[in-house]
């Protein structure tokens with residue numbers, strides 16, 4: 001089956017790149033996995049302890065992983081070492097680098113669950129890799145492992161051959177379960193939220209209906225977990241490893257949101273696009289199955305708003321720190337709209353391999369980022385304070401009173417909520433912001 005993205009690109013022309021007749025920049029060239037890993041490692045001056053591995057260049061080592069991986073330099077001495085670690089991790093998804101703190105050299109790495117099973121199996125190489133990650137920094141804190149699952153779910157997975165890092169075997173680690181619910185619970189929660197917001201609002205029972213959806217609690221659990229990870233890396237000076245079961249749903253949510261909190265670069269338009277490419281697209285989030293592109297089975301058990309939750313969580317962070325993002329919520333809504341439209345190839349298929357090797361998205365479809373970069377001005381935040389050249393950590397308040405329903409997105413087609421229109425409101429806010437900035441500049445530079 002060929003999705004709309006291919007016909008759209010054909011209509012715009014594919015030379016010298018898909019969509020070249022309409023867009024100045026090729027969005028497929030925005031993200032270079034090797035270059036982004038080098039940026040992260042160089043910023044921390046950590047080339048002596050971290051290396052970029054091409055062990056997965058043909059996608060044979062781990063078919064759902066990126067073609068290049070960041071791993072401790074110690075682990076590169078023998079190819080067999082990483083292969084043995086892969087044998088012990090679900091889907092061969094070994095601990096791989098997401099981010100390094102530029103000052104402390106503390107890291108965030110992501111992976112899938114270890115395959116300990118009920119017999120408490122061990123793998124010497126897996127335990128050794130955790131020690132290597134710990135040794136990449138001079139800090140004395142233990143390695144913090146965050147298992148995104150509720151412990152009960154992890155126990156069920158253990159009975160099926162999965163598991164977690166037992167303290168007796170990973171003595172240098174501290175394990176925390178984050179109690180974030182799975183794709184099925186989240187899907188049902190969003191369905192309830194939609195019923196509460198559309199087509200009509202129950203004025204009497206609205207607040208109770210929102211509470212009963214548990215949606216805000218689910219968003220809070222993601223924000224809380226990511227905030228705890230980011231705090232440990234920034235202020236606790238601990239390195240963090242995060243996983244769920246297979247390492248592509250809750251793991252992506254937590255790692256990506258923590259990076260937005262930690263790294264100002266990912267709060268720019270280009271940086272946010274690169275973050276999505278890195279933590280979601282390249283690390284094998286199953287867009288095709290979770291969104292259901294090209295399928296008419298609305299009741300498919302694999303569908304779930306995992307990526308929507310992440311974007312919602314970013315919006316929650318933006319509410320608390322409105323001047324720290326180069327973009328407004330209009331970019332977030334645009335991304336979610338195009339997630340479902342199939343107009344661009346960015347979110348098609350389940351893996352990097354399927355997207356770029358098997359289905360040639362980079363040469364046969366237009367990238368969403370071509371469109372975003374072309375329309376960048378309409379996404380810009382006039383209140384933005386550019387902190388990309390220094391480390392500014394966003395310490396999020398994750399108490400439930402600070403987590404809100406994103407009505408601008410979920411209820412935008414309900415006239416009872418969105419009147420006057422959010423577009424009109426945003427235009428007014430943009431004008432107000434521009435006037436405010438002019439006044440501030442005039443006070444600072446009266447003669448300018």
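A Cβ is built for glycine as well, from the same backbone N, Cα and C atoms used for every other residue.
Unlike curated entries, TrEMBL annotations are predicted automatically.
What TrEMBL lists as active site, phosphocysteine intermediate is 244. Using a 10 Å radius centred on the Cβ of residue 244 (active site, phosphocysteine intermediate) and all shown protein chains, the other Cβ atoms total 27.
Taking all protein chains in view, 29 other C-beta atoms sit within 10 angstroms of the C-beta of residue 250 (substrate binding site). According to DSSP, residue 250 (substrate binding site) is assigned to a helical segment. Marked as substrate binding site by TrEMBL: 157, 158, 159, 160, 182, 183, 244, 245, 246, 247, 248, 249, 250.
Feature annotation from TrEMBL assigns domain 'Myotubularin phosphatase' to 27-410.
Taken together, the residues of the domain 'Tyrosine specific protein phosphatases' (213-260) have an average pLDDT of 98. Look at TrEMBL and you will find 213-260 tagged as domain 'Tyrosine specific protein phosphatases'.
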* **Secondary structure tally of the domain 'Tyrosine specific protein phosphatases' (213-260) (DSSP, helix then strand then coil)** => 32 helix, 4 strand, 12 coil
* So of 157, 182, which of the binding-site residues has the fewest other Cβ atoms within 10 Å around its own Cβ? -> 182
